[in-house]
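Step one of this worksheet: look at the structure below.
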Amino acid sequence: MELNRRDFMKANAAIAAAAAAGITIPVKNVQAADDGIRWDKAPCRYCGTGCSVLVGTKDGRVVATQGDPDAEVNRGLNCIKGYFLSKIMYGADRVQQPLLRMKDGKFDKEGDFTPISWEQAFTIMAEKIKDILKKKEPNAIGMFSSGQTTIYEGYAKVKLWKAGLRSNTIDPNARHCMASAAVAFMRTFGMDEPMGCYNDIEKADTFVLWGSNMAEMHPILWSRISDRRLSGDNVKVVVMSTYEHRSFELADTPIIFKPQSDLAILNYIANYIIQNDKVDWDFVNKHTKFKRGETNIGYGLRPEHPLQQGTNAKTAGKMYDSDFEEFKKIVSEYTLDKAHEISGVPKDQLETLAKMYADPEQNLVSYWTMGFNQHTRGVWVNQMMYNVHLLTGKISKPGCGPFSLTGQPSACGTAREVGTFIHRLPADMVVTNPKHVAKAEEIWQLPAGTIPTVPGFHAVAQSRALKDGKLNFLWQMCTNNMQGGPNINEETFPGWRNPENFIVVSDPYPSTSAVAADLILPTCMWVEKEGGYGNAERRTQLWRQQVKGPGESRSDLWQIVEFSKYFKTDEVWSEELLAQKPEYRGKTLYEVLYKNGEVDKFQVPTNIPGYINDEADHFGFYLQKGLFEEYASFGRGHGHDLAPFDVYHQVRGLRWPVVDGKETLWRYREGYDPYVKSGEEVAFYGNPDNKAIILGVPYEAPAESPDEEYDLWLCTGRVLEHWHTGTMTRRVPELHKAFPNNLVWMHPTDAKKRGLRHGDKVKLITRRGEMISHLDTRGRNKTPEGLIFTTFFDAGQLTNKLTLDATDPISFETDYKKCAVKVVKA
């Protein structure tokens, strides 16, 4: 198939146009014509939208993928990445056997990658861990996981790390993208994840995008918004960003604001609502309470960093009891004039925006993604968004609500719901709550006190701890942090190459991370294994294994469970723990955690022709079903109810809580949510008093801003054709050809000032590192003067050499959207 860039973009535009016109691509006709191809369903491997894909296999290979016409999410459509899913597993450089750095027949950190057996790989890993545990606390061994990990894999990891090896140093790459959203949900509602669903799109009058380029990052949802905008009466779209991108093409109100000023804009909107008597007092009085946040909370940098001095970093997450009058006073400072001064947004646009939120007749949905979350005040800005929806009662009902969109296919279903964060357990439970720990130990049949109650090193702290020698073993799975993590020059790379440390990367390809590791483990991808994802609207979707992985590739699930056989309880648990459960003495962690009478009690069905399950063949039981049902027991009866495992293989996903076989579309609202009692109307039942929190916090400046030397803002992100670090998409010929290399987008005036022209080779320089790229002053992204935009998919241009590892001090999520940079001709 030959596809030039112009045809490629026209094709994608045609897909969006077809969606806007209500046309369904005739997938089933295509399917019927392909004789000899077996078709089955699976959720897409990429973003958090959760599109369902029909996967065509023949002769042991995936040969085609099509949008699933029976799926409610995407209705037969796929974005351009989804249409080429069949090719992601067949790059020429698949890693097909374990590779260890060796010299003279033994491990050497400076040696060359040498093929070894799985037994050799697991033996050296186990030896390293056991040696560390003899000298240090368990948090010195770590895992870096992913929002792309399946539900089963994530749950197995949590069990092995927190219960088996007794380390809370397990964190996902979702720390970099969804932590602020998750923490804000918990602080506001006492429960994680959105209350609404995608059905809001067809019921809303107004859509406001904050830091979200849905046209390229969630194109199928964007096609539904486009359809609603073009076919509905008086439907409006507002797009807000620090630069102009493709979503602006549909915007009725396009708004460009200065970095970090979204804080001031949201406080202005809250002030406008109050000053113009648009507060829904009935809702506010019944269903909310007020708190004030800690201020001057720092930037999540190393404690010795100058920006951390004199701050309230240690109490950053505190919320103090407050009332409406104090909240009113906090936001009253943010007048139209002040919001304009801080944000640079014209006053008429600010007022138009505020009126939309304040108008009780307008159904309004707010969408946001990384522009909001990757923010040194990401938790605050998320909570500010909830403030304006709570003040107006525009929440938890059809067509109204705040909606945090996830960027990965199971950032919700695995990272958040399963709990692969340093502080979490399944179903919103946390390791710092003794009751939650006791519940987990009961379900897992553990001695009391097995699960440690001190969180380990979070994602950014892992890099620092590796560099400092406090973390000595790291196993990275299903992610590429050496390319995707922040400040890799100063923090990440030194820790990975620290001779005290041993780094393992499970990866299907020789990614930037893999080639920096000590041991590479070949991993299965997507439908080479059985899996499950949870998307942004709480929809859980499962799929069956459809082909085998190449060579000696094994799923991450197989790797975790098989590796557990290399440890006996006597080697990793204290005598005090073993005395409580003497029957566990001498047993492997595999026997205690997985072959434990619960996880191993199911067998794979034999009545499905052609159905394969490599894990069941190896372990002798239906591992995925056993893990799922045990995991589901955490949430059933607690507002996180999942349907029985087998049900999910018969449907295109269900949105939890699923009670009595019925999914929940709008949480917390009577008539939709089975946990809201008759007469309550709305109950935010994650909090003991059923009330949501409205939080008063101010605008605070970013960690780093342009100055005389580093005179531009740097914002990083993605493009339509590629996903994250490009490990998969750059190996799809059509996608690589359409967008082969990273670019830097700059305003023509800024280019002229620097003697630069479109297409020039340029060098980007920050206080942390530099990178060579090419300049684009005419393309799809149009930046304002003073700001440049670039992406991170290109392994040949390591953008994260430039970025600052400042984080939100409450969520520890990284701010990739703003630091100071200078650009010169290369």
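Glycine too: its Cβ is placed from the backbone N, Cα and C atoms.
According to Swiss-Prot:
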- CYS44, CYS47, CYS51, CYS79: [4Fe-4S] cluster binding site (BINDING)
- LYS81, GLN148, ASN173, CYS177, 210-217, 241-245, 260-262, MET370, GLN374, ASN480, 506-507, LYS529, ASP556, 716-725, ASN800, LYS817: Mo-bis(molybdopterin guanine dinucleotide) binding site (BINDING)
- PHE792: substrate binding site (BINDING)
- 37-93: domain '4Fe-4S Mo/W bis-MGD-type' (DOMAIN)
- 1-32: signal peptide (SIGNAL)
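A map of Swiss-Prot features onto the structure.
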{"residue": "CYS47", "record": "[4Fe-4S] cluster binding site", "Cβ neighbours (10 Å)": "27"}
{"residue": "CYS51", "record": "[4Fe-4S] cluster binding site", "Cβ neighbours (10 Å)": "29"}
{"residue": "CYS79", "record": "[4Fe-4S] cluster binding site", "Cβ neighbours (10 Å)": "27"}
{"residue": "LYS81", "record": "Mo-bis(molybdopterin guanine dinucleotide) binding site", "Cβ neighbours (10 Å)": "22"}
{"residue": "GLU244", "record": "Mo-bis(molybdopterin guanine dinucleotide) binding site", "Cβ neighbours (10 Å)": "20"}
{"residue": "MET370", "record": "Mo-bis(molybdopterin guanine dinucleotide) binding site", "Cβ neighbours (10 Å)": "24"}
{"residue": "LYS529", "record": "Mo-bis(molybdopterin guanine dinucleotide) binding site", "Cβ neighbours (10 Å)": "29"}
{"residue": "VAL719", "record": "Mo-bis(molybdopterin guanine dinucleotide) binding site", "Cβ neighbours (10 Å)": "21"}
{"residue": "HIS724", "record": "Mo-bis(molybdopterin guanine dinucleotide) binding site", "Cβ neighbours (10 Å)": "24"}
{"residue": "PHE792", "record": "substrate binding site", "Cβ neighbours (10 Å)": "23"}
Long-range neighbours only, meaning 6 or more apart in sequence with Cβ under 8 Å: which ones does CYS44 ([4Fe-4S] cluster binding site) have? GLY50, CYS51, SER52, VAL53, ASN78, GLY82, LEU85, PRO409
Check the Cα-Cα distances from GLU244 (Mo-bis(molybdopterin guanine dinucleotide) binding site) to the binding-site residues CYS47, CYS79, PHE792 and tell me which is shortest. PHE792
Near the Cβ of GLY211 (Mo-bis(molybdopterin guanine dinucleotide) binding site), how many other Cβ atoms are there if near means within 10 Å? 24
Let's see if you can do this one: DSSP helix, strand and coil counts over the domain '4Fe-4S Mo/W bis-MGD-type' (37-93), in that order. 7 helix, 20 strand, 30 coil
Give the sequence-ordered list of residues that share a chain with GLU216 (Mo-bis(molybdopterin guanine dinucleotide) binding site), lie 6 or more positions from it, and have CB atoms under 8 Å from its CB. HIS245, ARG246, SER247, ARG718, VAL719, LEU720
Minimum Cα separation from PHE792 (substrate binding site), reported as the residue among binding-site residues CYS79, LYS81, LYS529 that achieves it: LYS81
Where GLU244 (Mo-bis(molybdopterin guanine dinucleotide) binding site) falls in three-state DSSP terms: strand
Here the Cα-Cα span from LYS81 (Mo-bis(molybdopterin guanine dinucleotide) binding site) to CYS47 ([4Fe-4S] cluster binding site), rounded to a whole number of angstrom, reaches 10
Using Cα coordinates, what distance in whole Å links LYS529 (Mo-bis(molybdopterin guanine dinucleotide) binding site) and CYS47 ([4Fe-4S] cluster binding site)? 19
About how far apart, in whole Å, are the alpha carbons (Cα) of GLY211 (Mo-bis(molybdopterin guanine dinucleotide) binding site) and CYS79 ([4Fe-4S] cluster binding site)? 20
Report the residues of the chain - excluding CYS44, CYS47, CYS51, CYS79 - with C-beta within 8 Å of the mean position of the site's C-beta atoms, for the recorded [4Fe-4S] cluster site, in sequence order. TYR46, THR49, GLY50, ASN74, ASN78, LYS81, GLY82, HIS218, PRO219, ILE220
What's the CA-CA gap between CYS47 ([4Fe-4S] cluster binding site) and MET370 (Mo-bis(molybdopterin guanine dinucleotide) binding site) in angstrom, rounded? 13
According to DSSP, which of helix, strand or coil covers GLY211 (Mo-bis(molybdopterin guanine dinucleotide) binding site)? coil
